[in-house]
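Everything below concerns the one structure shown next.
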């Protein structure tokens, strides 16, 4: 499944969340990479938001969390056909349903010169 969207600013809570060993260690174990401390927030185009909702209704892997952020569903994905990572869906989030968070081993904004307003494509294998 391919979804398109625009990079948007977050609340910086993703960095705190990704710095917590309870999450970071499980992501590293299940995804086989150590995620960068932070997430790339992507506002999904209207016609792709239904795809995201269907994905969330499916049986996808989950990280067991703590009370503050809760559990996190995730699915391996690729950003712009070049960066391996994952989309994550924290149980407790301040984002609307049309914002997807992407994690990867590196700082995507710095490495690939991505900024707010950049168009991106996320490919999520079936």
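Start at 1 and count along the chain as shown; that gives each residue its number.
Every residue, even glycine, has its Cβ placed from backbone N, Cα and C.
Here TrEMBL flags 10, 11, 12, 13, 14, 15, 106, 107, 108, 109 as CDP binding site. Secondary structure from DSSP puts residue 10 (CDP binding site) in coil.
In the shown protein chains, 19 other C-beta atoms lie within 10 A of the C-beta of residue 41 (Mg(2+) binding site). Residues or ranges marked as Mg(2+) binding site in TrEMBL: 39, 41.
Summarising the annotation, TrEMBL assigns FMN binding site to 93, 101.
Look at TrEMBL and you will find 7-124 tagged as domain 'Riboflavin kinase'.
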Residue 39 (Mg(2+) binding site): tally of other CB atoms within 10 A of its CB: 26
In three-state DSSP terms, the structure that residue 41 (Mg(2+) binding site) belongs to: strand
In three-state DSSP terms, the structure that residue 106 (CDP binding site) belongs to: coil
Average model confidence [pLDDT] within the domain 'Riboflavin kinase' (7-124): 89
Cα separation, residue 39 (Mg(2+) binding site) to residue 108 (CDP binding site) (Å, whole number): 9
